[in-house]
């Protein structure tokens, strides 16, 4: 179990993480979702003590990462694929990590087998593709057979086969009762792997919920209405108790109603319409909607 | 303390699984001994032609170490690379995930790096000395039991080890190979020599780390207006090394990886 407690991280003027609190429970894949620059990586770096929090803390089974003896046996982290020296072989890289936490060297061969790198174990990692480096990073995370696994954007650089592989791996690890925490900036990716979601934007918590609940609450259905008389149409719908929102390019979006109702009302009040159609916002749109403010604010900051 | 032992094993594995660190140590050894051999060979022929005053000034021990002062570049590269390559490649993040206690990590790195430098230097100093003396032959050569010779040999090992520790400390502060080497190479191989040959500046220049420490490399007292002796010079170098290592420790503790 991971407990993030009022975590705040400041880089000079920039507030990367702002009083963030949440918990990650074992036995399921928890997705960590947010647009680029939302503070996901900073939060994960703070989890393993690479970044010192400005205030607050992260506890893993009640201990700060630095307090854990032989931390690789407790927590495995893939934060960035290229966190290794390109001059070292895959085997050499893992051997050093194994020695640092008194993990038997025989374990190196096992994890290389697991990630499918046995054949390239004696090759220097500098020549690895991003996908191979990512697999080596996964091998390093699995080395100590840890209860807690952190993956920061693990599908980056993987081919479709690799993506499928890592999704299955994460589900399998969670199925074994481990705590699996995986970040992504893609909602669609999370929908496929995660059961639970932590959504952040601008360093703050936006949602802490199950994926099912998140989808139900955020995927919005509406009737898309294109008309030269949007004001009249809106009044007509309002007269029937139907709420509307302004869509892009003068389009009206009627919520909580049916195609038939809107058609009948338009005909009855003789409003010209060019198009009436049912629409469902995709999960990705729902996520963008949720984090829109955060993204806008960040873009502002960067311009300044 | 068991985790420090594991952290040392980690650092040692990192040293021996990289070609660059292994090669820099090999280069240090080869350059030192080969130049010592060449030097002895050349001096054997010219020694007899020197006048009495020049023969008296000739220091066979210090001269035999001239190869080591060249090979020192490679040892400095070794010290700097063991630290800065972690930052330039990003492997520091794997390393600190494995050994999150910064003090333990830093101590293990310094300990392993300087111990390696100590062992390699002991071999190189001994080989350089015997190589130079064998090539020199009598009457120019000296033996181990002569005045100041053993001191110079022990001092040579300490000198190389402390220079390596100094380099590692500075690299921990600067975190960049290019920047650290950009300071150390001119400092050790140009600035010291230039400043030391300007009469007025020499009084200050002798306190530079490499100049202060290198006083012990000779078996005869140096000429010139230096106030440092072999052992006080060594103490000055040690102080520089302690300063650099301490600064590196604070940088390691305070900054994010």
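Every residue gets a Cβ built from N, Cα and C, even glycine.
Any TrEMBL annotation is an automated prediction that lacks curation.
Lifted from TrEMBL, the feature list:
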type: TRANSMEM; residues: B:21-42; note: transmembrane segment
type: TRANSMEM; residues: B:62-83; note: transmembrane segment
type: TRANSMEM; residues: B:104-132; note: transmembrane segment
type: TRANSMEM; residues: B:152-171; note: transmembrane segment
type: TRANSMEM; residues: B:178-198; note: transmembrane segment
type: TRANSMEM; residues: B:228-252; note: transmembrane segment
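Recorded stretches compared: B:21-42, B:62-83, B:152-171, B:228-252; the one with the most Cβ pairs under 8 Å to the transmembrane segment (B:178-198) is B:62-83. Through the fold, the transmembrane segment (B:21-42) approaches residues 14-15, 63-68, 70-72, 74-75, 77-78, 81-82, 116, 120, 123-124, 127-129, 131-136, 141 of its own chain, all at least 6 residues removed from its boundaries and within a Cβ separation under 8 Å. Tertiary neighbourhood of the transmembrane segment (B:62-83): same-chain residues 11, 14-15, 18, 20-21, 24-25, 27-40, 43, 109, 112-113, 116-117, 120-121, 124-125, 128-129, 131-133, 136, 152, 156, 160, 163-168, 170-172, 175, 177, 180-181, 184-185, 188-189, 214, 217-220, 248, selected by CB-CB distance under 8 Å and a gap of 6+ residues from either end.
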